[in-house]
Structures are given as C-alpha cells and as structure tokens.
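Below is one structure; the comments refer to it alone.
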Amino acid sequence: MNWRTIIYVVLLVSLTVATALPRTSRDVEGKTSIGQRFSQLHENNFKAIALILFAQYVPGGTFGRAAGMAERVTALARSCAAAARDSPDCLKPLDRIFFDTICQEKNLPRIADCCAKEDPERNDCFLSLKNFSQGFIPPLERPDAEAACRNYSQHQQPLTAHFTYEVSRKHPFLPAPAILSVALHYEEMMKRCCGGAQGPSQHLEECFRTQAPKVVKPVRENALRQEHTCGILKKFGERTLKALKLTQISQKFPKADFVTVHKLVLDVADMHKDCCRGDTLDCMRDREDILQYVCSNQHILSSKIKQCCEQPLLQRSECIIHMENDDKPADLSPHVREFIEDKGICERFAQEKDKHLARFLYEYSRRHPEFSAQMLLRIGKGYEDLLEECCKPGAPSGCLSRGEEELRKHIYETESVMRTSCDIYNEKGDYYFQNELLMSFTKKMPQLTSAELIKFTKEMTTIGSKCCQLGQDKLLPCAEENLDVVLGEICRRHLADPINPAVCRCCSSSYAFRRPCIGKLEVDESYVPLALTPGLFAFHGDLCTTEEEKLQHRKQEMLITLLKYKPQISPEQLGSVTAAFSAMRERCCGEANPEACFLKEGPELIKKSEKMLSA
C-alpha cells in the first residue's frame, strides 16, 4: 500500500471510527487500548500516525530511528490486537507506551531528563521538548529541483514518508490531519513537476518555484495558529481560551442560540486541550466530533456551512474557519441595554457570574462582527469590572450607566490606533513602514536580535498590506487578530528567553490587553546600550549591491545597531546620520574600488555621527 493510500485511509477510517466512539470512553482513566486503536486504524494507518508522533516528540532524532520506533510500537499493537490483549504492556495507556518506547532508545538528544520523571510530569517534559525544537530545526525550504526529482523517480514512497517525518519534527504542534494533508500536496507537487512516467517538467525550476509555496505556506500558517492557541491556553488558562472561542463562534454564527454556541465552545476548548497536550489521536477524534456536529446542525448554525460540509473531510475544518461570518438575524436589536438597565443584573451576576458574563459576550459579539475578538474580550472585561464596582453595597445610583461612555471611549481609541497605523502604511509603503516599526520595537525590545526584529516587523508589515485595503467593517478583525498572532510569537520567545521586565508584564498580565500594553511601551530603560567598538559599524562593498531587497535588509540591520547603540536618538539626529550615510554610500559606490573607499570613509562617518549624536 503506498503512502498516498495510507494517508487517505488514515483520515477516512480513523476519523470515521471516532464518531462511533462514545466521548465518555475517552475521558475516563482507561482510554482506548493500543490493541483497540490498532484494530480501528489498521496497521498502515497506525504506523503512519506513530511516525508523526515520534517525529514530533523526538525532533533531534533521525528518520531511521523514528521509523524504527514506529515499527516496534506497531508490532506491539499487532500482538495486542491479535491475542495478547490482557498482557500488562497492552493495558498501558497509549501515550505511556509511546514515551516508554522513546525512553528505551539510547543516545537520543535531550530526553534523559524527561525519561527520569514519572507520568504525568514526563508528558509535560516531552511537551517542553516540542517548544525547544522550534529553535534549532530549520524551517521547510523549497527543494533543489533536479535532486528532488532524481530522488522521487528512485524512491517515490519513502520520499513521501520522509517528507511527512520532516514536516512533523519541524512543526511538532501541527495536528496529524494537517500533516497528512500537506503530504498529499507534496506528492501532487512532485508528480506535477517531476512528470511521473512522462519525465520531468520542461520548466523544472519554475514549476517548483510556483508549486512549493502551496505546500510550505499552509504548513507554516497552520503550525503558527496551533502554537498560538496552545500558548494562550498554557499562559492564560482555559477560561480565557473559552472566552476567546465564545467571541469567535458567536461572530461566525450570530443566528445560533446561546446553548448551541456554548456547547461548541466547550467542545472546541476540549479539542485544543487534547491537541496542545500532544495527544494526536484524541485531537483527531475531537476535531471529527465537532465537524460532524456542525455539519449535522447547519439549520441551527448557518446556511453558509453547506458548501464547507460538501467538501472532502480534509478541507472541511479549514473551510469553516475561513468562511465569512453569517448574516445577523433581521430582528436582532442593535443594543444590549438589558445588561445595564435590568434591575436583576447584580443578583444574576452574584449567583452565576461566569454564565452571566458569557451571555453578555455572546450577545455583544453576535451584534458586532466589525470588532476583533480581542477587542470584544476587552469590552467583556470592562463590563465585568463595571459590575464588580457598581454591584457593591453603597454604590452610587447611575453607576452602571457610565459603562456606555467608557465603552464608546475604548472603541474610539482602538479604531484610532488602527486607522493611524494604516495611514502611515498607505503613506510610506512596505519598506519605510517596516522601518518605523523597527525603530519602535528596537527601542521597546532591544534584547531581540536583528534577525528577530526584522522577522517580527516584516510579519506586521504584511498585516498592513493585507488589512489596510479593507473597509472599516473588516479592518479591526483582520488587523488585530493577525497582529495578535505575531505578538504571541514575541511572547513565546520571551518565555523561552526573557526579553525585559516591561515585555514580561505585557505578556503575562492579560491576554485581551496584550496588544495595547505592548503598543504603549517606550524605550526600555533597563537596557545597557551597546559600546562603540571598532567592529560595531562595518561598511563594505555589499552596500553597493543593485539587489534592492538585499540592500534594504543591510540598511535595516545597520538601523537596528544604531538604535541599540543610541536608544534615545531623536528623529532629527537619526535624519542627520541617515543623510550622512547615504552621501558616503553614493560617493563610495561611484568609486572604482568601493571597498577601499568604505575602509577610508567609514571611520570618518562614525566620528561625524558621534558628534551629531552628542549634540
């Protein structure tokens, strides 16, 4: 059976079987045994998922060792399904079997500490290895066309398996269905570009250049989205994740009643708990349960779901995530004043606080698809704080009525920030907008490397190009929700290697207020500026390159170094130094020997700049 067949069968068999399994059977301590899993999935399917799991938990290993462990676990599962189901090894929880198998391996990197622990601490330790792996495994790159096609013609099936392994270890939080879907896209690309029986495509390089992004981009986006959600769950807890999903589901399905939305919120939160814990099989089953429920209740949720539910199983989840919000009910009142004016508000708040706040968030979110989920959470927090204050004994009359004014103020401030950012983007364009962000974030977070600062601000610039062309009804959800993902990256970077106390406060105190908090940060006063050493500012012939992208990157690196050397630099000083640099570059790049010119003029520019900066 080839890998394409295995992949299809894994998705269709394992996910279909899941619908027949009662949810409670997965919630009790004795989860489905390895023998039962083997029988449900069949051998090749079980082995494919085992390969993904070992690749994700042992990212520093090799394909051969991961495949070997998958073979051994599959052999155990086969025996348990056949006759040895009462053996102690067969009765172990599946995750324990996988971790025991890893711990039996010798000389695997970074696992000794984890293997010395007892469950569930061992599980948490292995999960931390997934976080660590992001730092040392290079991202997926476009393959060398000729070499890839040679390998494909000689080792077609193992090559797809090896690609599946590479995607799994590079993206350890990516759910198995997403990885198997990517493997299908990879095989389609190889078949299209390498030509199958007809031989390679005439334009090999061009084929890979156009097809590779269709494989690589969804991997990166799905992995980042998964990491982001898991980061929220880990740092801010289940209550915050449920509140976030409540806003998003209420916006997407404004015609659905509260009970239905609440059920979906709980199911989605449970799914993320399993996925973020690394329980690959339960994660798959949870996802299928939700898809089955959504597609079986289209009449309650939304008429727009129909086109998604008609798609193949692999595409359904992504389709529903990216589908447009349904239209609001025609009879939906524009306001929710009953949450302020009703005389029994304080009593309900005291008796069932979380349920009351959830109903407010549901009602407000379904009325405002033009707001970002994060903004809605801030509104929900403002409403909670208002009730906490105004429901106290002795609170002044009319206390609750001031909530509307505070709400209008917050909405105006948020919209103003986004409009101002878009005005700057529309005026300056990609490169100069990114430079503005670089100046801001280098001052806020000078501890980040130049590569990190350029990467994060490049992602923010891409958000500007994507969102600033949208109308006012789409701007906030697009801008803040995408920006939230980038800030999540920064905060996970901070958790791995602390940046500074101010960033720590913003990343730790409140998920909903993370973006405004980071936005208000100024120069990090705790930072010790770089010392002016001979090699700090080095000018070479590469500044004369005609490749605009390389030149811009080089200039941005120098801008970051300048800001790290002089964090308090004024706009006027920066303008003077930039003008002096541009004049030197133009002069030296016109010389027959630019390198010699830079060697002479560079130190003079540094002396001149020092005087400008000390003025």
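Glycine is treated like the rest: Cβ placed from N, Cα and C.
Among the features that TrEMBL reports, signal peptide is placed at 1-20.
Under the heading domain 'Albumin', TrEMBL lists 22-216 (among others).
Per TrEMBL, disulfide bond is recorded for C80-C90 (among others).
TrEMBL lists C103-C115 (among others) with the feature disulfide bond.
Look at TrEMBL and you will find C193-C207 (among others) tagged as disulfide bond.
Residues or ranges marked as domain 'Albumin' in TrEMBL: 217-409 (among others).
According to TrEMBL, the disulfide bond annotation covers C275-C283 (among others).
Annotation source TrEMBL lists Ca(2+) 2 binding site at D279. In sequence order, D95 are the residues near D279 (Ca(2+) 2 binding site), counting only same-chain partners six or more apart with C-beta under 8 A.
For D289 (Ca(2+) 1 binding site), other Cβ atoms within 10 Å of its Cβ number 19. What TrEMBL records for D289 is Ca(2+) 1 binding site.
The annotation disulfide bond is assigned in TrEMBL to C308-C319 (among others). Its Cβ taken as reference, C319 (disulfide bond) is surrounded by 17 other Cβ atoms within 10 Å in the chains shown.
What TrEMBL records for C346-C391 (among others) is disulfide bond.
Around C399 (disulfide bond), the same-chain residues six or more apart in sequence whose CB sits under 8 Å from its CB are L386, E389, C390, listed in sequence order. Residues annotated as disulfide bond in TrEMBL: C390-C399 (among others).
Per-residue confidence over the domain 'Albumin' (410-607) averages 94 (mean pLDDT, predicted model). Per TrEMBL, domain 'Albumin' is recorded for 410-607 (among others).
TrEMBL lists C422-C468 (among others) with the feature disulfide bond.
Non-local contacts of C467 (disulfide bond) by the CB criterion (under 8 A, 6+ apart in sequence, same chain) comprise C422, K474, L475, C478, A479, N482. Among the features that TrEMBL reports, disulfide bond is placed at C467-C478 (among others).
According to TrEMBL, the feature disulfide bond maps to C506-C517 (among others). Cβ neighbour count for C506 (disulfide bond): 24 (other Cβ atoms within 10 Å of its Cβ, all protein chains included).
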Subject >> CB contacts for C275 (disulfide bond) [other CB atoms within 10 A, all chains] >> reply: 23
Original post:
Using Cα coordinates, what distance in whole Å links C468 (disulfide bond) and C589 (disulfide bond)?
Top reply: 37
Original post:
CA-CA, which of the recorded positions C90, D289, C506 lies nearest C588 (disulfide bond)?
Top reply: C506
Original post:
If you draw a 10 Å sphere around the Cβ of C103 (disulfide bond), how many other Cβ atoms fall inside it, taking every protein chain shown into account?
Top reply: 16
Original post:
Including all protein chains shown, what's the count of other C-beta atoms within 10 A of the C-beta of C422 (disulfide bond)?
Top reply: 18
Original post:
What are the non-local neighbours of C589 (disulfide bond), defined as same-chain residues 6+ apart in sequence with CB under 8 A from its CB?
Top reply: L543, C544
